[in-house]
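Undergrad: So Swiss-Prot says this about it:
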ACT_SITE  Cys272  active site, nucleophile
BINDING   8-13, Asp33, Arg38, 86-90, 127-128, Glu161, 272-275, Arg342  NAD(+) binding site
BINDING   157-161, 216-223, 256-269, 334-335, Arg447  substrate binding site
Amino acid sequence: MVKICCIGAGYVGGPTMAVIALKCPSVEVAVVDISVPRINAWNSDQLPIYEPGLDDVVKQCRGKNLFFSTDVEKHVREADIVFVSVNTPTKTRGLGAGKAADLTYWESAARMIADVSVSDKIVVEKSTVPVKTAEAIEKILTHNSKGIKFQILSNPEFLAEGTAIEDLFMPDRVLIGGRETTEGFAAVKALKDIYAQWVPEERILTTNLWSAELSKLAANAFLAQRISSVNAMSALCEATGANVSEVSYAVGKDSRIGPKFLNSSVGFGGSCFQKDILNLVYICECNGLPEVAEYWKQVIKINDYQKTRFVNRIVSSMFNTVSNKKIAVLGFAFKKDTGDTRETPAIDVCKGLLGDKARLSIYDPQVTEEQIQRDLTMNKFDWDHPLHLQPMSPTTVKQVSVAWDAYTATKDAHGICILTEWDEFKKLDFQRIFENMQKPAFVFDGRNVVDADKLREIGFIVYSIGKPLDQWLKDMPALA
């Protein structure tokens with residue numbers, strides 16, 4: 001029986017290994033992590049991450065050929081294939097701080113693999129890593145190998161949170177990069193045979209190591225670039241009276257462009273886009289390509305501009321002050337169908353409003369009060385480091401309360417900000433909400449989820465990103 005071990009029980013490792021276990025009943029899969037609470041959650045009915053369909057997959061396999069354990073060394077020692085799915089956060093200090101990936105966790109995982117291994121192994125990069133990481137890992141493994149042979153593969157994930165299980169069941173492609181040697185080709189084939197049990201062969205792509213590593217960074221950069229492109233257009237649409245939804249629909253009808261990732265919003269979030277682009281920028285700078293680095297930096301700059309623009313619009317619309325005004329924030333996760341708040345635009349929007357002394361009442365169906373308070377007291381890149389390294393404010397943010405439903409959050413509010421496109425926000429009784437709000441009542445739709453015309457009929461003043469402005473908003477121009 002082939003034994004697989006995955007180091008890291010997070011958003012990538014957990015779902016990926018669960019699906020491999022489901023699709024390959026003859027393979028034994030162990031997911032290991034040093035976090036006891038996280039492994040306990042994976043072994044309970046309350047999984048540590050929310051992902052549609054994940055519960056069912058885990059329940060079908062757990063205890064049969066899928067195991068979650070804190071005994072990292074035992075499972076690594078026994079495995080034929082070791083996936084490494086640990087965090088590669090942005091460095092917070094030292095060389096490359098604020099841009100370069102921090103490979104501390106990767107290096108310690110590699111040293112541990114070399115230390116405990118008693119048989120040859122295939123080591124698979126699953127985390128997003130800078131180009132040439134495999135080379136560094138290879139050196140660590142080789143210099144500590146005690147005669148054991150390791151083959152390094154790059155197998156980046158292309159999951160989208162919220163549709164991860166669907167993406168794993170029917171991937172656009174599976175990418176496997178390896179060394180162009182006899183041993184390298186054999187290692188690629190071994191991993192390919194696992195995926196081939198449910199993925200059509202034409203969707204399994206094989207490349208050299210460096211192409212696979214760079215492909216992941218490039219894919220995320222291209223996706224983020226599309227979002228920043230349409231968000232840049234949304235600012236122009238507001239200035240000219242065009243409608244960004246109509247513009248993006250027309251543009252997306254061009255078969256060379258396509259309709260995906262053309263929805264304007266308050267900005268992109270999630271654990272990957274900003275981190276990977278900053279990493280790409282750093283790699284370009286290190287390779288003497290400042291013009292290329294500058295090009296990719298603009299994607300982040302537009303994203304930051306969009307969030308700033310949104311906050312400025314809120315403040316200017318509400319008589320240029322939100323001091324001591326209650327603002328309801330609907331949605332805190334970076335997108336719907338996930339509880340993930342990493343790099344969510346909601347953090348910067350909320351901090352911007354708090355900086356203007358607003359009182360916030362936040363509701364998100366999947367994000368806990370503890371998580372919201374932690375996010376709002378954290379420094380820029382600390383979110384991706386272990387909890388014990390994250391600075392905690394001695395007190396919670398006083399001007400922030402967390403509500404259990406949208407109606408409580410919006411009661412007596414002066415304005416509503418919609419920051420996540422949860423389906424339930426489309427079905428709210430806005431007449432009831434309007435009656436319980438201060439007047440004039442504002443809705444700032446950061447995801448273009450509500451029917452602005454219907455809300456205006458009720459009596460709301462509505463701002464939708466990239467849409468023609470209400471007369472009220474035209475009379476109160478926002479600073480860009």
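The backbone N, Cα and C atoms fix where each Cβ goes, and this holds for glycine too.
Surface or core, plus neighbours and distances: that's what I need for these features.
TA: Following the DSSP three-state reduction, the secondary structure of Cys272 (active site, nucleophile) is coil.
Around the Cβ of Tyr11 (NAD(+) binding site), the number of neighbouring Cβ atoms within 10 Å comes to 22.
Non-local contacts of Leu223 (substrate binding site) by the CB criterion (under 8 A, 6+ apart in sequence, same chain) comprise Phe261, Phe273.
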Undergrad: Quick check for the class: what is the C-alpha distance, in angstrom and rounded, between Gly267 (substrate binding site) and Thr90 (NAD(+) binding site)?
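TA: Here the two Cα atoms are 20 Å apart.
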Undergrad: Give me the long-range Cβ neighbours of Pro259 (substrate binding site): same chain, 6+ apart, Cβ under 8 Å, in sequence order.
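TA: Spatial neighbours, sequence-distant, of Pro259 (substrate binding site): Ser248, Tyr249, Gly252, Lys253.
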Undergrad: Report the nearest neighbour of Thr90 (NAD(+) binding site) in space among the recorded positions Glu157, Ala219, Asn263, Cys272, comparing Cα positions.
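TA: Answer for the nearest of the recorded positions: Cys272.
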Undergrad: Can you grab the distance from Cys272 (active site, nucleophile) over to Tyr11 (NAD(+) binding site)? Cα atoms, rounded to a whole Å.
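TA: If we compare the Cα positions of Cys272 (active site, nucleophile) and Tyr11 (NAD(+) binding site), the gap is 12 Å.
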Undergrad: To the nearest Å, how far is the Cα of Ala219 (substrate binding site) from the Cα of Gln274 (NAD(+) binding site)?
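TA: Per the Cα atoms, Ala219 (substrate binding site) and Gln274 (NAD(+) binding site) stand 12 Å apart.
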